[in-house]
């Protein structure tokens, strides 16, 4: 057990899918996993372990923002032996060619957070996904006929940012989605010798104002979940 996870030793599979919302973790476990059992519930940050097509897989919420997700990913890796983390979350779009409900595979993650600079002795850290996991996710998306984009995310510290001009900079640099966790998760994975990938669904468009409801975000973003789970199976074959 840890201060934030009350699961016993061995409760987690070596691969954990991590949405921000613990209720989405519950939905994934109940909808996609067989024989799923709740293994942790501290602060109602729910975690489950079951199987997907016979393969052990866990799913657990990580909360909002880099500080929260860094706590959970670090403890899963160092205390429970987790080898791979797949974030399955939502993001906002700033580019006109990126649409609501598009699936984005996060090859890298820029950030305005200083967390990785603290880790990396005040130097810039290239927060990138694991190549094999990225490749497996692309293969899974192609096999299922799911439209996807591959590219950079931006992990922001502020949800309600006053710096709206930064959206123009993000668009110029080709940022596909704005969220709050990927750069932190990639940093934690690198620091502790694990692998990570973020797969996000566009939940709202910052330019147009189009958005999905909280219920839709919790219950209908199935494409990214299927990509993540199928990529786990493909990764086992590599």
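Easy rule for this one: first residue shown is 1, then count along the chain.
Cβ atoms here come from the backbone N, Cα and C positions, even for glycine.
Listed features, source Swiss-Prot:
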type	residues	note
BINDING	4, 179, 180, 181, 203, 204	purine D-ribonucleoside binding site
BINDING	20, 24, 43, 87, 88, 89, 90	phosphate binding site
ACT_SITE	204	active site, proton donor
SITE	217	site 'Important for catalytic activity'
Count the Cβ atoms, other than its own, that fall within 10 Å of the Cβ of residue 181 (purine D-ribonucleoside binding site), considering every protein chain shown.
31
Could you check which of the binding-site residues 20, 43, 87, 89, 90 is the closest Cα neighbour of residue 203 (purine D-ribonucleoside binding site)?
90
Spatial neighbours, same chain, of residue 179 (purine D-ribonucleoside binding site) - Cβ under 8 Å, 6+ residues apart:
89, 90, 91, 92, 153, 154, 155, 156, 198, 200
Neighbouring C-beta atoms (10 Å sphere around the C-beta of residue 89 (phosphate binding site)):
28
Calculate the distance in Å between the alpha carbons (Cα) of residue 88 (phosphate binding site) and residue 217 (site 'Important for catalytic activity'), and round it to a whole number.
11
Minimum Cα separation from residue 87 (phosphate binding site), reported as the residue among recorded positions 4, 180, 181, 204, 217 that achieves it:
181
Spatial neighbours, same chain, of residue 43 (phosphate binding site) - Cβ under 8 Å, 6+ residues apart:
4
What is the number of other Cβ atoms found within 10 Å of the Cβ of residue 20 (phosphate binding site)?
21
Residue among recorded positions 4, 24, 87, 217 with least C-beta crowding, 10 angstrom cut-off:
4
Round to the nearest Å and give the CA-to-CA distance linking residue 180 (purine D-ribonucleoside binding site) with residue 20 (phosphate binding site).
10
Which of the recorded positions listed here (181, 204, 217) have a Cα atom within 10 Å of the Cα of residue 24 (phosphate binding site)?
217
Close in space, distant in sequence - residue 204 (purine D-ribonucleoside binding site), Cβ under 8 Å, 6 or more apart:
90, 92, 93, 100, 210, 211, 212
